Structure formats: C-alpha cells, structure tokens
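Record features, source TrEMBL:
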TRANSMEM  29-57  transmembrane segment
DOMAIN    45-294  domain 'G-protein coupled receptors family 1 profile'
TRANSMEM  64-82  transmembrane segment
TRANSMEM  102-124  transmembrane segment
TRANSMEM  144-166  transmembrane segment
TRANSMEM  201-225  transmembrane segment
TRANSMEM  246-265  transmembrane segment
TRANSMEM  277-296  transmembrane segment
Amino acid sequence: MVGIMDYRNQTLTNRFILLGLTDIQYLQVFYVLIFSVIYIITVLGNSLLIIAVLINVHLQTPMYFFLTNLAVIDICCASAVVPEILVNTLSLDKSVSLAECALQMFLSLVLGTTECLILAVMAYDRFVAICRPLHYNAVTNKRVCILLTAFCWSIGFINSTIHMALTFQLPFCRSHHIDHYFCEIPPILQLSCSDTWYNEVSVYISACLIVISSFCLTLASYIYIISTIFRIHSTQGRQKTFSTCASHLTVVCMYYGTIMAMYLGPHSAYSPERAKITSIIYTSVTPMLNPIIYSVRNKDIKHTITVKMIKKCVVWF
C-alpha cells in the first residue's frame, strides 16, 4: 500500500497534490466528524429556509428573496469545499487533476464573490426597510431585486474567470504539492517559479473593489440602522431589533474579515496553517451560521417550518 509520504514525493506534471489539514490520524478522524456535522447542518438549515420561502407566499418578499439566494450560495459553497475535505482526509490518493483544481477554484471564487455582494445588498435592503420605510416598495420592487441579484452573480462569474485564467497560465515548476485542503489562489501562487506580481496586484484590486467596498456598504447600512434603532421609543422593540442587527453584523464581519485576511495579506507573509483556518471560517463555518442567524431566529420562518411544513408532511403521509 502506498503511504501518504509516497504521494508527496511524486512529481506529477498534470496533477496537484492537496496536503490537506493534517497528517495526524486521530485529528483526521476528528476533522471528518466535525466537517460532516457542519455540512449536514449547512445543507439542512439552508434547504429548510428555501423550502419555507417557497411554500409560504407571505415570505416571498425582497428580504427573503435575497435570503434564498444566500442560502443557495451557502449550499453550493459548502458542497464545493467540504466534501473535498472529507475525501482528501480519508483517501490515500490526494491528487487532483489540473481541470478539477481549476473548476474548484472557479466555483469557490464565483460563490465567494457573489456572497460578498449579496450580503451588501441584504444590508442595504434592511437599511431601506428600517430607515426609509415609506420608500421601501418603490426602491426594492421585483425588477430591482432581480437586477441586483443578476449583477451580483455576473460580477462573481467575471471575477472568477479572470483570476482562474491568470492563475493557471503560470508555470508550476517549484512544486505540485498544495499546502491546503482545496485549490485556492494564495497557496497555488506559492507553487509558481515565475513572477506572480501581476496575479497579486489583480487579487488586491478585485479584493478592494469587491470585498472592501461591499463591507463598507454593509457597515454603513448597519450604522444607519443602529442609529435609527436608538430612536425607537419602545425599549423592548429597540432591544429586539438591536439584537438581530448585532448578530447579523457579527457574522458579516467574520465573513468579510477572514476573506480580507486571506486575499489582502502580503504574499511574503503567507502562512499555510493560518490560511487553512481562515478559509475554514468563510467556506464552512459562515455558510452553517447564516441560516441560523438570518432565519431560524425569525418567527415567520420558524412558524412556517414548524406548522406549515409539518402539516404538508402529514398530508403527504
């Protein structure tokens, strides 16, 4: 039987070898269990949200339209990364083809970029609903919602295509061992023996234009929302709204913060171990937390899940 070290010593010209999270056996078992639970919660939580919105006409509003898009992104993001972690941890053959690596990078970039923009759009939607309620129906009508969502997905595809093309035209002669658990730009750039200055600059530019601008828009929206909350006369209403916004903002800051740490850090200071932890947060943890923070605490969603869905299940059986 060929061991893990044998695979690491191979020189494969058309394949990459993902070194994964760890070589320690008991930690591998721990990671498999943890990520299996994370994946199940992510898929189940986001699927329940999508179903709840589909079966309850009262939830088919702009806010839940954007939440549904976020749920789809989270399911796809988790499905693009977490199964790879499980396969990579359990399998002796940790190699992936160039095409598989490119596809994984493309999908993770599309979904990550789109989620950054969708979170900003959702924050703006909440800003209009709370701070400009009289203008809400005019500003967030169906056509505007569809156009905003299409714009987010389009930017995601364009950004991903550019970076994938720039990354995979590089010669990878230094090594084919990726010290990561999936194909991501920073660890792959470490493998190239050519100058990656243009790649690094393009990453910084897109991160500034997409991630930082989205974060600033989100933060500004929540600042206005919180200032409006403090003007609410009802103490109970103020506490409830502030609690909801605080939990939203916490997850949003965690998501944007880890992405900025990954893509805006200096190339020379790149650390594989820190990069793995950072990537886990925005590819696995936040997709699991989003349906909990954004919807499970919402009484309309809980009512739909606990009452309407149960009734439908009883009728079917």
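Note: Cβ is positioned from N, Cα and C throughout, glycine not excepted.
Since this is a predicted model, take the numbers as computed values, not measurements.
Note: the stretches the transmembrane segment (201-225) and the transmembrane segment (102-124) are in contact (3+ CB pairs below 8 A, sequence gap of 6 or more).
Nonlocal intrachain contacts for the transmembrane segment (144-166), taken as residues 6+ away from its ends with a CB within less than 8 angstroms of a stretch CB, comprise 62, 65-66, 69, 102, 105-107, 109-114, 117-118, 121, 185, 198-199, 202-203, 206, 210. Among the recorded stretches 64-82, 102-124, 277-296, the one sharing the largest number of Cβ pairs closer than 8 Å with the transmembrane segment (29-57) is 64-82. Model confidence over the domain 'G-protein coupled receptors family 1 profile' (45-294) stands at 89, taken as the mean pLDDT rounded to a whole number.
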